[in-house]
Amino acid sequence: MLIQTLCSLLAVNSAWAQSSTLAAYIASQSPLAKAGIVIASPSNVNPDYLYTWTRDSAVVFQTIIDQYTLGLDTTTRGEIDNYVASQVIIQQVSNPSGTITTGGLGEPKFNIDETAFTGAWGRPQRDGPALRSNALITWANYLLKENNATYVTNTLWPIIQNDLNYVSQNWNQSTFDLWEEVDSSSFFTTAIQHRSLRQGVTLANAIGKTSVVSSWTTQAENVLCFLQSFWNTAGYITANTGGGRSGKDANTVLASIHTFDAAAGCDALTFQPCSDVALSNLLTYVNSFRSVYSLNSGIANNQAVATGRYPEDSYQGGNPWYLTTLAVAEQLYDSLIVWKAQGSLQVTSRSLPFFQLFDSSVTAGTYASTTSTFTTLTTGVQNYADGFVEVVAKHTPSDGQLSEQYSKTDGSQLSAVDLTWSYAATLTAFDARAGVVPASWGAAGLTTTCNAPSGGGGGGGGGSGTVAVTFNVFATTVFGQNIYICGSVDALQNWDPNTALLLSSAGYPTWSITVNLPASTSIQYKYLNIEGSTIIWESDPNMEITTPASGTWIENDTWR
Ligand SMILES: *[C@@H]1O[C@H](CO)[C@@H](O)[C@H](O)[C@H]1NC(C)=O
Ligand SMILES: *[C@@H]1O[C@H](CO)[C@@H](O)[C@H](O)[C@H]1NC(C)=O
Ligand SMILES: *[C@@H]1O[C@H](CO)[C@@H](O)[C@H](O)[C@H]1NC(C)=O
């Protein structure tokens, strides 16, 4: 039923348009959606969501592609093909963020007839290309198993490569968050970007596109390092580096479920759903809504409540959202999948307050599935998770329609009707509850030398032996030339020009890159201008920098 609803919302020029008077009205009022285009909501006034967002579309198609590739619903191949075809076009549409080579991939939304939206908007939003490549890589990996490498290489790879070059070059630039309000760095965006680069490297190796591997791997490592900095000692993940709010935000819960990789267990480094950091964060996020919605009043602390985007929200009245309440349930279902698979569950000092919801006398330790504590805790988590779905069910009208928000006072539907993402969120939460495990993306076994929230449920790293160094170099180039850097340490590829690191041209003529380098170390380096097989080194002598003992450093150079 849900997948049908989703598909019927994909394009108003499908059968739905002929059968629905609302769609007929929309068709008479606005341009028709092209095949494969996901409309965010048919609502075209207060709020006007009759657009296609790269983010929402990718989230919806990640769901449809997961369903297809896991054999849960194989009726949607035509829709997936249409989505791919539509994104080939959308990527090339020149728009207010730029063209495909000058930042246009960061454009958040387009008209549903695949033309640019030229009004004022919070742009760029750099999660879109990462989410799209994640969905398409999931599809590509499945098609490789179907022996369809031709389609992967010829059709999917060019789209994926465009998106991941964008991610690789721009992850360290500020972005509007997924709610399109705060322009800073955003945990959701960073987490999704990290996943996309890791998956991209694996796919590139699988199909022999190895020229991107070195730079994408290096940037994935830098992104993973940066990701750690969102954790704060108050026991939750600060959603955005800007914004002037508490930072408690569904952004972080959504990041956890959209980067779930069961193979990584409860890894804290990648903030897996069952990691102690993600559970502590979930508790803080959920509790932040107990007093702001009267709908939640009188509900005990260990019971589910309605949750929204962030407690300070005032958009359309600042109410709970279906997709955020469902995300809490999904993170908990994902956790149960892992605990059951690994046959144990770990309580750390960080996750203790979360687990105490279900057993006030529990202490830190590892509990095997044969223990009564494991049974008590997992039963408690299951009931708590089901409670969030019950909140959504209670406030879903009998026709099953899901809008964007439901009232914080009486639970009635508010804001955009038929929000496509609300349906996708329902499907993925139900799947997780049924134990469905999405394909792995390579989160297992990662390490970092950066400051990580160590000491918890797994994850490598620890230590503070590195500092983030940003290299800015003023260098004029001609079309086709790019600026790279290499130098005397591993992180600068040990002087190997073939694996030198590509700098971002986002601030042209200043090229830029941030690299984690050993602290308090004297390091030599040079920039290179590379076009195809032509490598031009900077003239001698080598540049030199002594990195600080801690903190960050910005080096400003001019090509010579
Ligand atoms: C490969 O997949 C594409 C996309 O679904 C499809 O159009 C094509 O027929 C497939 N090719 C083969 C050989 O299966
Ligand atoms: C860029 O990366 C550095 C090092 O991780 C970090 O300190 C800085 O906040 C990042 N800036 C943005 C805008 O992502
Ligand atoms: C480089 O420029 C930035 C901003 O213009 C400045 O903050 C930084 O201190 C400069 N770095 C050095 C080493 O002078």
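Each Cβ is built from the backbone N, Cα and C atoms, and glycine gets one as well.
What TrEMBL lists as signal peptide is 1-17.
Other Cβ atoms within 10 Å of the Cβ of Trp121 (substrate binding site), summed over all protein chains shown, number 16. The secondary structure of Trp121 (substrate binding site), as reduced to three states from DSSP, is coil rather than helix or strand. Residues or ranges marked as substrate binding site by TrEMBL: Trp121.
Listed in sequence order, Gln125, Ser184, Ser186, Phe188, Thr189, Ala239, Asn240, Gly243, Asn251 are the same-chain residues six or more apart from Asp177 (active site, proton acceptor) with CB atoms under 8 A from its CB. According to its DSSP assignment, Asp177 (active site, proton acceptor) is coil. As annotated by TrEMBL, active site, proton acceptor applies to Asp177.
The active site, proton donor annotation in TrEMBL covers Glu180.
The domain 'CBM20' annotation in TrEMBL covers 461-560.
The local packing around Glu180 (active site, proton donor), expressed as other Cβ atoms within 10 Å of its Cβ over all shown chains, amounts to 16. Residues of the domain 'CBM20' (461-560) grouped by DSSP class, helix first, strand second and coil last, total 9 helix, 55 strand, 36 coil.
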